[in-house]
Amino acid sequence: MLSEWFWWDRLWLPRPVMWADLQDGEGCVYARVSHLYITLPVAVLLLGLRALYERLIAVPLAEALGVRDKSRKRASHNPVLEKYYKTHSKHPTQADIKGVCKKLGWSERQVERWFRIRRNQDRPGVLKKFKEASWRFAFYLCSSFGGVLALYDKPWFYDLREVWAGFPKQTLLDSQYWYYIIEISFYGSLLFSVAADVKRKDFKEQLVHHWATLTLLSFSWCANYIRIGTLVMLVHDTSDVLLESAKMFNYAGWETTCNSIFVVFALVFMVTRLIVFPFWLIHCTWVYPLDQFEPFFGYYFFNVMLVVLLLLHMFWATLILRMVKKFLFGNLKGDERSDEEEDMEGSEEDYMHTNGYANGSGTGLSNGH
């Protein structure tokens, strides 16, 4: 019953088209849900390919560009603070700090410094960031070229009204099949690796983006919104190539190159995500279909998902503009989304005293009082 309701014709297709009308035959092949089953093993395959790429290409490239992790101070061993750090919070409240101070006999400054060092100790090194950016750069570069090759000779690449010509009875092309499968698998692999990847300030927004993208791509596949789907993918991938390359040069310390690429990226992002995407692609999905059929659930759902992506674009645009402001005033030092290391306030003597206390008279309290 639930399956019949979910696949009800009127949810996915405009009147009077039925699923029975979209049967393969006479040289026509239509998108099927079963086609997407392969994306799971391909996503796993991409994770393996990423591991090989990082080891065989990204690491040697990082060494050639002079990318190295900085040595970091390690927080002194203290079971009480370590337990609080792992089970309660990495950012203790002032009240909790005072309570720990009484328990350990430390000053508030010493406890605050211990947590700062401990947080920095867990932050990903620049080499890990470089490898991740390098992998994404390689993928987006390949997918952008693949997208252009799949679309350059199609009429809907130049005339958006052609997106809806004959919809939904539009035969599936081999180029469209592989473009979708690889793209869906890639975003699936990002969800699989999200726990191990670098967590930035926009971590939640990134998760929403990945889920929205997967939902949008999967729905567009099942409802045969494939022509517009390929255009949306190409618009997104082109600016991501520049972003990831700018990150790579930033981690390598090539400031001038990084800033130059970032300026180009900012321009491309604003044009593709805030002009082309809403005023061409969303307009194409919102206005042109109504010339051929009445609105239905799939029409509204697809457009709502596109608007969700647009809102995320606007959020990231504010971060980009903030970075552009820093660039213009000569204060651009990194990715606005990055979780940078915290400054080590306090003198070296304070830290040495903390170490001494933890290894000396404070040991008894740390072990159970």
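Positions of Cβ are set from backbone N, Cα and C atoms, glycine also.
Nobody curates TrEMBL annotations by hand; they come from automatic prediction.
Among the features that TrEMBL reports, DNA-binding region is placed at 66-126.
Positions annotated as compositional bias 'Acidic residues' by TrEMBL: 337-349.
Annotated compositional bias 'Gly residues' per TrEMBL: 359-369, in sequence order.
Regional average pLDDT for the domain 'Homeobox' (64-125) in the model is 84. The domain 'Homeobox' annotation in TrEMBL covers 64-125.
Under the heading domain 'TLC', TrEMBL lists 128-329.
The annotation region 'Disordered' is assigned in TrEMBL to 337-369.
Residues annotated as transmembrane segment in TrEMBL: 34-53 (among others). Here the transmembrane segment (34-53) has Cβ contacts under 8 Å with residues 134-135, 138, 177, 181-182, 184-186, 188-189, 192-193, 218, 221 of the same chain, all six or more residues outside its ends.
Per TrEMBL, transmembrane segment is recorded for 137-157 (among others).
Annotated transmembrane segment per TrEMBL: 177-196 (among others), in sequence order. Within the chain carrying the transmembrane segment (177-196), a Cβ under 8 angstroms from the stretch's Cβ atoms is held by residues 35-36, 38-40, 42-47, 50, 139, 143, 146-147, 150, 206-207, 210-211, 213-214, 217-218, 221, 226, 229-230, 233, all 6 or more beyond its ends.
Taken from TrEMBL, the feature transmembrane segment covers 261-288 (among others).
Residues or ranges marked as transmembrane segment in TrEMBL: 300-321 (among others).
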